[in-house]
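Among the features that TrEMBL reports, transmembrane segment is placed at 68-89, 119-138, 145-163, 169-191, 223-242, 298-320, 351-372, 384-407, 414-434, 479-499, 505-524. Marked as compositional bias 'Acidic residues' by TrEMBL: 554-572. Sequence annotations record features per position, and here TrEMBL assigns region 'Disordered' to 554-594.
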Amino acid sequence: FKSKNNELLDVGQEDNQVTNSASQDTYRSLCVSFTCISLQMEEFLGPQAEYNEEEEERKYYRRKRLGVIKNVLAASFGAMIVYSVYMGLLQMQLILHYDMTYREVKYSNLGLEDIDRKMLMGINVTPIISLLYTPVLIRFLGTKWMMFLASGIYALFVSTNYWERYYTLVPSAAAIGVAIVPFWASLGNYITRMAQQYYEYVNYREEHVQEQKKLPKGACHRYIIVFQSVFSSIFNLSFVFAEFPMRFVLNGHLNTNKHILHSVKTCGANITGLIPGFNTTILERLPRSMLLIEVESILMGFAFLAMIIVRFLLLCGAAYRPTEEIDLRSIGWGNIFQLPFKHLRDYRLRLLCPFFIYSGFETMFAVTGFSLSYGVCVLGLDKLWLLIVVYGLSCSVFSSLSLSLLYFPRWVCLVAGAAVHVTLIVVLLALPLRPNNPEMLGPLLVISALWGLGSALNKTGVSTVLGLLYAEEKERLDFVYAIYHWWQAIAIFIVYLWSNLPMRAKLSILLATLLVACYCYWLMERRLLKKVSFRLPRIPRPRHKVKGYRYLEEDNSDESGSENSDGEEEDGKGDGAEDHLPPPWRPPQPRLSSRLLPSYLSHINNYNIY
């Protein structure tokens, strides 16, 4: 019995030894596993041996700079496509509706003989009141979405040509007139804001950039010059692409020049109106309805391409940070409504107004007065597309000359463009012309190219000068560009009214406006050189309530750049009166209460603060 018990004890001891050894092996394996896991976690969470923070930061801001360049190119190509579609369709429509046979066949039973007059009235008259609503729309919708909405209105105008009635064409034309000034003001604001962003991404290490302070005087001027030049070079190609419907569709249906110009007696500066005696039957045969539908469908496709793909939804980034958009919008709608008029107290804007007006005059004269009264009257309607294509290519190529402002004073572009136009106006006043004279093709093409040179210097120069004067005032850019393009719209309306004046009177008005504009610009530069202080309106600080995810305290955390009274100025040193700007606009510094911190965190993830 004892021997059996001893055997059982031996067996138990052996089992215990086996169990202990197994548990020890398991323990060792678990220790090894936990050690490996801890080492991996430490390696994952600890500082990376191969991670270079400065290099990653540099790569990040390089991507941001490439994004800004992408935004500028997308906005430029989008604007070019939208305007080429709009101008091409409008030109084709006006030429077709001018033909008496086409109107009788298509509109005899509908009573739409004066549809063109009412449509042009809607396009040209509506922008007169645009200064009342343009800043409100831009600040309510935002710069990017205002551009998107305006391009959608242009697409709407194209679509209404499928069903030409008073209740389709006239309202869409009036909508175009409503959208013209906001569209251009948003574009000017967007390009200048991209230059400011590019400077911030290049100098991201600077203290004033990290703290989102006001930019130093003249810091982003070089980028404004480059971006405005790129935008103008691309956009002016719209005059070229707008002639595709004329060249490839309508030219094959036109009558001969002998028939069209049979009753025309004189051309150029000696005529009254556009082309007196121009034949009312300019089409040899009517284009097929299906052909016109196909052309309109292609134009419609390009309009949607510009609106959705090329432009603002996929490629164009926001002009401002979300918090900045809130600040711009929250100063009060009444103040936003009044500030454009108050900005006219600034003598810089007042003295630039004649150039704003001349900018509208000279563009409309190039595509209507010169192209018709000189080009079509002398060369025939089949050469209209060639004159405008030469003008557009000249504008596009010579817009790059504004890059000279990187090395020369800012007045160079405007003065050079004015000198070219003064010379051409004198030549046009003295040039003897007779109708149906193909030998004048060369001289007229040279005049068209030189007029494009002057237009490029003028338009790019005005936009660049505005950007340089208000480069550090990003909260004022929408007001400034709204004033600029509102005066342009007024000039276009005046051109619409003077269509029946003698050509000599039109050229005299152009010459007088240009001389006054040059004098006023010289006066502005002289005052700036003497450091005469200018008056900027006070922009009220944002009025936030204790709501939302950001402004949760009633403390005054929003310091506006114009808190001083209208008469207060700052003394400083510099080359002009920009030194007398009010204190810099500073972004608000949010102060959060612990009670609302979770709500803040849940919302802030939805925004990209960069």
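FYI, residue positions are counted from 1 along the chain as it appears here.
Quick reminder: no glycine exception, Cβ is built from N, Cα and C everywhere.
All annotation found in TrEMBL is predicted automatically rather than curated by experts.
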Contact ranking winner - 68-89, 145-163, 351-372, 505-524 against the transmembrane segment (384-407), Cβ under 8 Å:
351-372
Is the transmembrane segment (479-499) packed against any residues at least 6 beyond its ends, judged by a Cβ distance under 8 Å, and which are they?
120-121, 124-125, 127-128, 130-131, 134-135, 138, 180-182, 184-186, 188-189, 192, 273-274, 339-340, 343-344, 349, 352-353, 356-361, 364-365, 368-369, 462-463, 466, 470, 473, 505-506, 509
Taking pairs 6 or more apart in sequence, does the count of Cβ pairs under 8 Å between the transmembrane segment (119-138) and the transmembrane segment (169-191) hit 3 or more?
yes
So if I exclude everything within five residues of the ends of the transmembrane segment (68-89), which remaining residues of that chain have a CB under 8 angstroms from its CBs? That is, six or more out.
147, 151, 154, 157-158, 161, 176, 187, 190-191, 194, 197-198, 201, 227, 230-231, 234-246, 296, 299, 302-303, 305-307, 310-312, 315-317, 367
Can you work out which residues elsewhere in the same chain, 6+ from the ends of the transmembrane segment (223-242), have a Cβ less than 8 Å from its Cβ atoms?
72-73, 75-77, 79-81, 83-88, 91, 187, 191-192, 194-196, 198-199, 367, 388-389, 391-393, 395-397, 399-400, 402-403, 405-406, 452, 456, 459-460, 463-464, 467-468, 471
Chain residues in Cβ proximity to the transmembrane segment (414-434) (below 8 Å; excluding those fewer than six residues from its ends, i.e. six or more beyond):
266-269, 355, 362, 370, 374, 377-378, 401, 440, 447, 450-451, 453-458, 461-462, 465, 504, 507, 510-511, 514-515, 517-518, 521
Excluding the flanking five residues on each side, which residues at least 6 beyond the ends of the transmembrane segment (505-524) place their CB within less than 8 Å of a CB in that stretch?
269, 347-348, 351-355, 357-358, 361-362, 365, 369, 411, 414-415, 418, 421-422, 425-426, 428-429, 498
